[in-house]
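Copied from Swiss-Prot, the annotated features are:
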| type | residues | note |
| --- | --- | --- |
| ACT_SITE | 254 | active site, proton acceptor |
| ACT_SITE | 288 | active site, nucleophile |
| BINDING | 180, 232, 233, 234, 235, 236, 391 | NAD(+) binding site |
| MOD_RES | 2 | N-acetylserine |
| MOD_RES | 30 | N6-acetyllysine |
| MOD_RES | 30 | N6-succinyllysine |
| MOD_RES | 59 | N6-succinyllysine |
| MOD_RES | 298 | N6-acetyllysine |
| MOD_RES | 303 | N6-acetyllysine |
| MOD_RES | 303 | N6-succinyllysine |
| MOD_RES | 344 | N6-acetyllysine |
């Protein structure tokens, strides 16, 4: 498949083990191909009746799935992981067409996705409670039980991967899931739904409802939904938390960030430069945990900046389906204009643009309406600038200088966010000392933006709470029941 040729011809909701058109509507949306600006799908947003049917089907499937042993669930999840590996190219291509990221990156996302399913398949068979001995031969035990119907609400930057990160632990624990993707990227999650069905999950265990805010509200407020897991912006996360609170539903929130990347003078310069590029320009900079505040110790500021600019200017921009492309278009035109607006404000506030920050128009005629820009490096930045304080969510790196360790830690923590942070240094004592002081949920030492599924991922402060990935996530998709067993006679105070 080549850029500019794809068009959606099938329904985009998934319920009861098949693609379906929603039975009612709460509006319509259009999905675009960012590389060309073409509309590739016009679809109906799910209304209350459709949401009710999705929940109803999920409840029925939950009764079957939750009664299976952990090993039975394990085998089905392993089969789903195998099918994802088998269909890797198809999934990655769909992701690239709808999201705009390079096919090179999309393939990595698919690999992380099947690894996530394999990891939680392994944990499904090991879920267990505890036995506690009590006086007189009595005892107690705990059971770790599923929650019921869970809702996953995804973001548009990693559509397929996020759906796997949310559904794999949910299903491993015995839950059902209804997933609502971003209306910007409605396509690839349908492939995951089909894969789960092919692997052998009961019909209705993993349903997809399309829509925007109204559909999301219907899901969050539904009386039969047991949990919400959301990835997206802080304002939307706050609304979801408020809606869920009225129903006393637990939530996992993976929200925004303005993460610090600290480069000490004793770093390995080559690795630090590569780390800074990884921290700012993956998926066109549209990554919540990006280290966009790059603090560089003054002794190496000039050398580091020179090398970062040189490497940034070498990034190949263009058709995301071409093998040598490393940066594709941004998600849509309003977002592109928003990012360019941030660069404009940065210049007005005194920042200096060393490279990029402007529109990029590819030579290929079919790409001329795409949403491209050159990756941007800013210097002369101050902590009070808009580009340093607010999440930009685009390919814009802000470089700031610092003198001492104590100073940079204080400045790094001066933010309402707390998703991620990174440190580059050869001094291992300093590295551990600094990350212990950083107020962030995901910290990297001498690397950045790697995401092994074995490690928990999530934030501090306004970046959210709860975790995705790692063993601990099992606790967020299950509940603990305590059973007390009396082996003697009841001792009564009456």
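Backbone N, Cα and C define each Cβ position, glycine as well.
Among the recorded positions 59, 288, 298, 303, 344, the ones whose Cα sits within 10 Å of the Cα of residue 233 (NAD(+) binding site) are 288.
Mapped onto three states, the DSSP output places residue 288 (active site, nucleophile) in coil. Each of the recorded positions 2, 233, 236 was assessed for Cβ neighbours inside 10 Å, and the highest tally belongs to 236. A separation of roughly 9 Å, to the nearest angstrom, links the Cα atoms of residue 288 (active site, nucleophile) and the residue listed as 'active site, proton acceptor'. The recorded positions shown are 180, 254, 344, 391; of these, the one with its CA atom nearest the CA of residue 2 (N-acetylserine) is 180. According to DSSP, residue 180 (NAD(+) binding site) sits within a strand segment.
Considering only the binding-site residues 232, 235, the Cβ with the fewest other Cβ atoms within 10 Å is that of 235.
Per-site Cβ counts within 10 Å over the recorded positions 234, 288 peak at 288.
The separation of residue 391 (NAD(+) binding site) from residue 59 (N6-succinyllysine), Cα to Cα, is 38 Å. Nearest in space to the residue listed as 'active site, proton acceptor', taking C-alpha to C-alpha distance over the recorded positions 180, 232, 236, 303, is 232.
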